[in-house]
Structures are given as C-alpha cells and as structure tokens.
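S.K.: Quick one: the structure is below, and I'll ask about it shortly.
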Amino acid sequence: MRGSRGGTLVKCLMCLALLIVGYLIGHRSVSPSYKTDLEPAMFTVDHGALVVRSQSPLRKRLVVAAVTQADDVAHLSVPAQVMVPPDKQVNVLSPATGLITQVLVQLGQRVTRGQVLATIAAGDLAQAWADDRRAKAALDFTRRAFERARAVQAAGGNAVKDLQSAHNDLEQAEAEAARAAQRVQTLTSRPDYAAQGLVALIAPVDGFVASTKMAPGQNVTDATAVQMTLVDSSTVWVAASVPEGHIAALTNGGKISAAFPALPGKRCEGDILTRDPALMPDTRRLNLYVSCLNADGQLRPGMFANAEIAVHEAGALMIPKTALLMNNDQVSVFVQTAPDTFRRRYLSISYDEGDNVRVLSGLSAGEQIVSSGAILLNDD
C-alpha cells in the first residue's frame with residue numbers, strides 16, 4: 001500500500017515537472033528579447049567600415065549627398081553691433097564760466113536743435129557787453145581819425161606813412177569790434193535769458209542726451225571742458241567683426257546684411273561704408289561698417305546683430321551641418337566608400353557659413369557623405 005502511494009507521488013511530480021518545462025519553453029519562443037537576438041543587425045563592421053544590410057530599414061533613413069564646391073561668392077556670418085557714427089556724437093561745451101543755475105534736461109532725454117539745455121550765471125556776460133561797447137567806441141574813433149588823415153593827405157599836407165598808420169589802426173579796431181560783437185552774440189543767443197544775466201547752453205543738433213556732468217549749484221570753471229554729450233541716432237552704423245582668416249576673401253565694394261535678434265524682422269542692408277585700418281588686438285577681428293537709417297529709433301547703440309558679408313570663396317568645399325558628428329572631441333562625417341559601405345572621416349571646418357560649413361581639410365569635391373541620419377551610424 002505504501003509502495004503504491006509512493007509510486008503515485010513520483011508520477012505526479014514527474015508530470016508537474018514536465019508541465020513547468022513545457023511552459024517555460026513555450027514562453028521563451030515568443031519572448032521579445034529572444035526574438036530580437038535572432039534578428040540580424042542593421043549594419044556590420046568590417047575592418048573599420050560600416051556595411052548596411054541590403055534589407056535593413058536603416059537604408060531608407062540615410063541621405064547621401066556629394067561634397068560640393070561653393071560659388072565664387074559666399075556669405076560669411078559674423079557678429080555685429082550697433083554704434084553711433086563718429087560725426088553724430090556732439091560734445092557740448094559751455095560758452096562761459098560761472099554758476100549753473102538750472103539743468104533743463106535729463107540723461108537719455110530727446111532734445112531738438114536750439115533747445116535750452118541749462119543756464120549759467122556768468123560774469124563773462126557783463127564783461128562781454130563792456131568789451132563790445134569799448135570796441136565800438138574805439139572803432140568809431142579810429143574811423144574818424146582815418147577820414148581826417150585821408151583828407152589831409154588829399155590836400156598834400158600829410159605824409160603817406162601817416163595815412164597808412166591810420167588805416168592800420170582802423171583795421172585793428174574793426175577786428176576787435178567784430179570779435180567783441182561775436183562774443184556777445186554767443187553769450188546772448190537767447191536774449192530772454194541774457195536779459196536776466198544768464199547764459200543759455202543750447203543744443204547744437206537733434207538727438208538725445210548720452211551723458212552729462214552738469215548739476216544746479218556747480219561751478220563751470222573750464223570753458224573747454226565737455227558738459228554734455230548729445231547723440232543723433234537718426235542714422236546709425238552697424239559694425240561687423242570679420243575674423244582675421246577671412247579678411248583676404250573680402251570682395252571690393254561688398255555688401256552687408258544685418259539682422260537684429262532683439263527686433264525680429266528688422267534688417268539693415270547696404271554697401272560697406274568703410275573699415276578699420278587695423279585689427280582689434282583682443283579679438284583679432286576687423287570691423288566693417290554699414291550705415292542704417294533709424295528714423296523710428298529702434299536701433300540703439302550697443303545692440304547686438306548678426307551680419308552676413310559677401311566673401312570670395314572660389315573652390316571652397318561646403319557640406320551641411322546635419323552631416324557633422326562629434327567623436328572624441330573631433331568633428332567627423334561618414335563617407336560612402338562603396339554601395340551601402342561607410343567609413344568615418346575626421347575634418348577641419350569653419351562654422352561661419354549659416355546652415356553649411358566650409359571644409360578646410362579632410363574631404364575632396366565629389367566625395368559622397370551621409371548628409372542626414374549619420375547619427376544612426378555613430379557606433380562609438
């Protein structure tokens with residue numbers, strides 16, 4: 001009885017074991033990982049070359065294009081900045097020394113030509129009036145003296161040198177009278193202020209106040225010191241900085257096209273107006289300038305821009321940026337050496353060509369490279 005029960009137990013255990021093994025085998029046959037292991041790779045590596053299977057879906061995702069040579073004129077993309085033209089920045093000096101009584105404008109304020117910027121209580125004003133009266137009196141005296149000398153000379157009672165001396169005195173008196181009158185005119189350009197003993201500081205141009213040192217209660221002790229700086233921004237320059245390595249490729253009479261990241265859609269295009277005679281020592285770049293109308297005042301000095309300049313690049317090799325891969329801190333592409341066979345090639349390039357890059361070394365014209373989808377071959 002015990003032997004029969006033991007045999008039955010053994011048979012049950014054997015059946016259970018067979019069921020478990022069958023279950024495991026059946027599920028392993030449909031396991032995704034097991035099935036994937038049986039699929040062939042999309043490409044194989046043969047002595048450093050990547051060979052794509054003829055039936056691999058990877059083939060449809062790889063775009064192969066030839067390395068081309070650029071036209072004679074290419075477009076160089078460089079950083080740029082808005083600046084004030086040198087002749088549009090005006091330093092305002094005080095016409096006289098004295099006490100500043102009022103400052104009528106603020107930093108950044110827009111002003112018009114002839115507007116009063118500040119007033120100064122100047123002792124020079126009284127001195128100028130006195131000098132003017134004295135010069136006029138001296139001129140009247142020397143003019144009458146000259147007329148008498150000429151009349152005596154005509155009557156034959158005077159030497160020629162006496163007439164010449166009188167004429168010389170008259171010319172000196174006329175010059176002094178003109179100087180004194182001009183001085184009074186300068187100090188009394190606004191008679192309404194001059195009547196109060198004040199000298200008005202007048203804006204010589206339209207623009208805005210870029211800097212000022214004036215404050216009520218201060219004394220102007222040096223008439224040659226700059227009191228304010230006015231900037232006329234109705235026209236601005238864009239300075240495009242060209243790297244030293246591209247200077248030789250600049251075309252004569254070229255054009256600059258500038259776009260402004262802070263002002264989408266805003267552009268400035270024009271002929272190269274002028275260029276710096278020397279490179280900037282800290283950046284090793286040469287500034288080229290283009291003039292831009294700025295009637296709406298949107299372009300402000302110091303604003304950044306992106307400029308494109310026509311350069312002569314005969315025979316330059318160009319490839320799209322989408323073809324580039326980074327490998328061990330080096331730029332590389334995949335070159336097609338045979339149908340469905342690709343090999344990595346390291347390059348030296350220039351990044352100044354917009355959507356394309358200029359190849360300095362590593363490729364030849366006509367070679368086929370993977371222009372899109374190269375990342376799928378990046379086996380490192």
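Cβ coordinates are placed from backbone N, Cα and C, and glycine is handled just like the others.
Okay, so TrEMBL annotates it like this:
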COILED    160-190  coiled coil
DOMAIN    89-226  domain 'CzcB-like barrel-sandwich hybrid'
DOMAIN    235-310  domain 'CusB-like beta-barrel'
DOMAIN    318-375  domain 'CzcB-like C-terminal circularly permuted SH3-like'
TRANSMEM  7-26  transmembrane segment
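Just tell me what is around each of these and how deep it sits.
M.R.: Nonlocal intrachain contacts for the coiled coil (160-190), taken as residues 6+ away from its ends with a CB within less than 8 angstroms of a stretch CB, comprise 95-96, 116, 122, 124-125, 128-129, 131-132, 134-136, 138-139, 141-143, 145-146, 148-150, 152-153, 199-200, 202.
Here the domain 'CzcB-like barrel-sandwich hybrid' (89-226) has, by DSSP, the following mix of helix, strand and coil residues: 64 helix, 33 strand, 41 coil.
Across the domain 'CusB-like beta-barrel' (235-310), the prediction's mean pLDDT works out to 90.
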S.K.: Helix, strand, coil: count each for the residues of the domain 'CzcB-like C-terminal circularly permuted SH3-like' (318-375), based on DSSP.
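M.R.: Going through the domain 'CzcB-like C-terminal circularly permuted SH3-like' (318-375) residue by residue, I get 5 helix, 38 strand, 15 coil.
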